[in-house]
Structures are given as C-alpha cells and as structure tokens.
Amino acid sequence: PRAGLLPGSLRLGLSLYERVVPAYQERETWTRQMDFIMSCVGFAVGLGNVWRFPYLCYKNGGGVFLIPYLLIVLVGGIPIFFLEIALGQFMKAGSINVWNIAPLFKGLGYASMVIVFFCNTYYIMVLAWGFYYFIKSFNSVLPWSTCDNEWNTPSCIEFFRHPNCENGSLANATAAPNLTCLQLAEGHSPIVEFWENKVLGISEGLDHPGRMNWEMLLCLVAVWILVYFCVWKGVKSTGKIVYFTATFPYVVLVILFIRGVTLPGAYDGIMYYIKPDWSKLGEAQVWIDAGTQIFFSYAIGLGALTALGSYNRFNNDCYRDAFMLALINSGTSFFAGFVVFSILGFMAAEQGVHISQVAESGPGLAFIAYPKAVSLMPVAPVWAALFFFMLLLLGLDSQFVGVEGFVTGMLDLYPGRSYHRYKREIAVAICCFLCFIIDLSMITQVRLYPGYKAFNLVLRPTWCGEAWRRTFRHLTDTVLDHSDHMLIFITPCVCMGIFLFHLVNYKPLTYNNVYVYPWWGEVIGWCLALSSMLCIPVSVLYKLFRAKGSFKQRWAHLTTPVWGPHHMEYMAPDAHSRAPALPPCNADHNKVIIFESVM
C-alpha cells in the first residue's frame, strides 16, 4: 500500500466496493499535525528527564555518558519509537488491534496494555505528591524548612555543617547546644522528616499497612479528576490541552536555569555534571543505565505512542516526526541537568559538603534534595511553587496520554457503528476509577515499590524476533527504506542484552538501602511483572492451538496481515498480490467481479 492519488477507474471500483461492504466507523484524526507532536512531547518528556537523566549522567562519567546514550538512541530508542508510531498510523488502531499486521503476536498488544495500566496506577501517585508539595508551597515559611512541626522528631536538625566536626563538637548548631558529631550524624533534616513522616508516613514494613493519609487522598482525587477531564473527549480536546502542559514546563526550566546559574556554587555543580571520566566507558553498568534510561524517557513499550500515531493521517511523515521527537526528548534531558546541578551545587556550597552527598535520583531529588535547595533561597515559596508546578505539568500530560493509550486499545476491541453515545466517556471513567481503587493501597503507610517495570518495558520489544521481522517487512513498502533492514537484527539484540543484564544482576528490592522486602513481597512483585511478560507466549500458543491445519498452514495463516477497510483507499493498482481480502457479503457478485477487474 502506498499513499497517492487514485485514478478514476479505481475510484469507481471503490465506490462499488462501498456499496457492497457495510460502512465502517471512520477513525478520529488530529485537528492539526502539531497536536500530535505536542502530545508525544508531553507524553515522552516527563519526570524521568528531570530527576533521572542528570543523576545518571553525573554517576556514569559526566559528559562521557553521552557516548553510550546517543549510540543506544540511534540503534534502539529511535527505531522502536518510530516503529510504534508508524504501526499505529499504518493500521489505524491502538496497541492491541495494531498487531493485526501479524495476528499471531497480538499478545504484544495485551502485554503493553497490562504495562500501561500498571504505569497509570502508580505514576499518578507522583502527581499526587507533587500536588501536595505545590499546595504547601503557598506558605510564608515552607513547612519542610523548620523542625517545630508536629511530625518532627527530637533528632531533627535544621542546619549543620560537617566540616565543623573537626574537634568533635558543633558550636553553632541551631537544633540544640553542645551537639556532638555523633549526635549530628544521627540527626535528620526537616525535609527528610517532612517527606517520610508527613507525606509518606512510612510504617514498620510491608505487613503493617497503618492508617490512610487523608490529605494525600484528597490530592489523589483532585489529580484523577483533572486527568479524566483531559481525556474524556478524545484527541480533539487532548490535542489542545497539551499545548500548555507540554510547553509551560520549558518556561519554568528556563526560569530556574537563569536563577540557578546566578547562585554561589552553581559552576562547581555544573562541572561535576559534565566533567568527563573516560574510565567509565569500560563499565557495563554505564551502558545498561543508558539503555534503561532511553526506554523510560522515550516511553516505548507502553503502547501509548501507538495510540497517538493511530490518529495521524495515513500518509503523514512519521519518519521525520520520530527523529524530531527524539531530539526534543534527549535535548530536554541534557538541559534539565544544567538546571538541577546548578541548584545542587548551590546546596552543596551552603551546607559545606561534597556535591556527591546532595546528588540524588528519583523521588530523592524531586522531594528531598530540590525542596531543601529552594528553602535556602531568598523568597523560597516562589521557587518552590514554580518547581512543583513544573513537576505537576510534566507528569500530568504523561499520565493522561497513558490513560488515552489504554482506553484507545480497549475501545478498538469493540469497533462498529452501534455503540453507546457516551462510550468513550464511560470507558475513561471506568479506567480512572479502577486505577483510583488500586491507588488507595498506596496512600497508606506501607511502601510499595514498582521496581519490576524495567523488566516489562525492556522485554516487550525483544520477546519475539519473528514479530519484529514481519512487522518491518509489511511496513517496508509504505514507511520504511530498505536500508532500515539492519535494524531488524541490531535493535532486538540491544534490547535483549539489556534485559539479560538486568536478569543476571537482579538483587532483592530494598527501601532506602535499609528495609528489605519479605519473600512474599518479592513474589507479589514478580507476579506483577509476569502478568505482562506471559501475555506474549500464552497468546502465541493459544492461537496456534485454536487454528486449523498443519503447523505450517497455521503459521502462514496467523502471520498474514488482516487489513483494515481504510487500506483500500490507498491501494495502488499494482498491489493486487497484496490486496486485502474482501469481507464476505450476500450482495450481487457481479459488482465484486467488476471491482476486482478494476484492481
């Protein structure tokens, strides 16, 4: 199939075909192409670009980390990113029905639906935390900057300097007089106590759920309502909202960067961020960190990009879009590093400690290190509100696009014209409500850690090489160049190498390197991971078992594409050998014969 103008005889044949074949529901499309670009930017550019990439870059040799990062972007990130968008655009379907291009491997679609559902369930908690911090920022004195709150313990210390411990005592401590260095080492920062005692309310362990945090419950309800009204009307409304949610974080990043580089210690922080350490290139962990970061930040393997691509015009240049979006994503990650480490350099200078003692990743950066840094700045509430508003927007568009991807995949399972008027609104409401019910377990005092997501994201693009090969083959005449066939082998091998490294180097999960999860907690985690992994082989075996004929016949039948009605509109006259089969009907066969002769 190739896009192009249809000759008059072919248009006549199509008109006869439309009279024979029952009409199908035309798929909604983006109002303008920029809506699609901004939605992809909003989904792929998220919290991982701000709180994970800068730390990994510093940890793995500074500027040297860009070498494995960019290399894996070229051989792994961009090809899979492009493949997901192109598949959705070509098949005009979500993450499940898109595998009609190779029906035997439809389990890949079910696996992505399971993964994106889990992601929607726990990712919203980060938004709830960010929303809570954002509300608390509207105080003259930030609640995490002092030790005189109800959640603070006697060991809370507002400000201290480790170099002052040279003589075994701390003369200018504000927490208590005559504080020894031993007491100082056992002390807690007010921001840590605010995070662990007030926001999380950590219990003794996984078997002690404790009470529910009602303030976090209200924040959770608020963000889910916000997500629902961003998604419920489909891409027509979502494409407009992302113009704000995807662009305003860049405005905040620029403001924070300008403020950060003017602070004392900012230069040292930036140098620690980009200073190259060439010896790191020989460590396998550096290359694995680069690969996993790309999978996380590019949001591949979730099926949401496939759903976004399915609303494109059939002849849209998705090849160009993939490269442009990859450049935006990686560029944002690199720029965010300057913003983060300029602030962390200031924080290290203020506390008189090494930059390595304040550089953290994940929630530790977003909810401990950065809030501590802004509490040391003049007019601290303003900078805190800006930072957490940016965090909220970065996560919000990723969240509602993830919900859109899940809902699109589910609705595509029940196509047709006879559907409820508010089918989409009801489906979105059910999805949000189910995720909310599961989220109730995450606002108790027990700590649930989604550490098995990496296995799911990396395994899905590598599980079945035959699915990869056939997908590329069927897309070759439409959106691929023959030079891209090398990616049939290189990209799956890169993904499989990352997966095997994770598997070989697997270690039991811990929280804060102190609490080790019990064995039954590990079992629950692996069950969650396997719930998506097993979708692929189980689906393959089920389809092969249910099909008829010899194994060769079953395989040939199940790997033959099931074309959609929209493909007929772009079928070229010389593509008779690949023409989609006409659906069975009871109309006059002469019309069918006329149509086939025209083709």
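Every residue gets a Cβ built from N, Cα and C, even glycine.
Small disclaimer: the values here were computed from a predicted structure and weren't measured.
As recorded in TrEMBL, the features of this protein are as follows:
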TRANSMEM  36-54  transmembrane segment
BINDING   Gly42, Val45, Ser297, Asn329, Leu394, Asp397, Ser398  Na(+) 1 binding site
BINDING   Ala44, Asn49  Na(+) 2 binding site
TRANSMEM  66-87  transmembrane segment
TRANSMEM  108-135  transmembrane segment
DISULFID  Cys147-Cys156  disulfide bond
TRANSMEM  214-231  transmembrane segment
TRANSMEM  243-267  transmembrane segment
TRANSMEM  287-311  transmembrane segment
TRANSMEM  323-347  transmembrane segment
TRANSMEM  382-406  transmembrane segment
TRANSMEM  426-443  transmembrane segment
TRANSMEM  486-503  transmembrane segment
TRANSMEM  523-545  transmembrane segment
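Here the features listed in TrEMBL are painted onto the structure.
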| residue | record | Cβ contacts under 8 Å, 6 or more apart |
| --- | --- | --- |
| Gly42 | Na(+) 1 binding site | Val242, Thr245, Ala246, Asp397, Ser398, Val401 |
| Ala44 | Na(+) 2 binding site | Phe81, Ser297, Tyr298, Ala299, Leu305, Leu325, Asn329, Ser398 |
| Val45 | Na(+) 1 binding site | Ala246, Pro249, Ser297, Ile328, Asn329, Thr332, Leu394, Ser398 |
| Asn49 | Na(+) 2 binding site | Ser297, Asn329, Thr332, Ser333, Ala336, Leu394 |
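Among 66-87, 108-135, 323-347, 486-503, 108-135 has the largest number of CB pairs under 8 A with the transmembrane segment (382-406).
Sequence-distant neighbours of the transmembrane segment (287-311) (same chain, 6+ residues past either end, Cβ-Cβ under 8 Å): 27-30, 36, 39-40, 43-46, 48-49, 52-53, 56, 59-60, 65, 68-69, 71-73, 76-77, 80-81, 84-89, 91-96, 98, 109, 112-113, 115-116, 119, 235, 318, 326, 329-330, 333, 398, 401-402, 404-406, 408-409, 454, 456-458, 460-461, 494-495, 497-498, 501-502. Neighbours of the Na(+) 1 site: apart from Gly42, Val45, Ser297, Asn329, Leu394, Asp397, Ser398, residues of the same chain with C-beta atoms within 8 angstroms of the site's C-beta centroid are Val41, Phe43, Ala44, Gly46, Leu47, Asn49, Ala246, Ala299, Thr332.
The stretches the transmembrane segment (323-347) and the transmembrane segment (36-54) meet in space: the count of Cβ pairs below 8 angstroms, excluding pairs fewer than 6 apart in sequence, reaches at least three. The Cβ of Cys156 (disulfide bond) has 20 other Cβ atoms within 10 Å, all protein chains considered. Contact between the transmembrane segment (36-54) and the transmembrane segment (243-267) holds: at least three of their C-beta pairs are under 8 Å, each pair 6 or more apart in sequence. Between the transmembrane segment (66-87) and the listed ranges 214-231, 243-267, 426-443, 486-503, the one holding the most Cβ pairs under 8 Å is 486-503. The most densely surrounded of the recorded positions Cys147, Leu394, judged by C-beta neighbours within 10 angstroms, is Leu394. Most Cβ pairs under 8 A with the transmembrane segment (214-231) among the ranges 108-135, 426-443, 486-503 are made by 108-135. If you draw a 10 Å sphere around the CB of Asn329 (Na(+) 1 binding site), it holds 25 other CB atoms from the protein chains shown. When Cβ atoms from all protein chains are considered, those within 10 Å of Ser398 (Na(+) 1 binding site) total 25, not counting its own. Within 10 Å of its Cβ, the residue among the binding-site residues Ser297, Asp397 with the fewest other Cβ atoms is Ser297.
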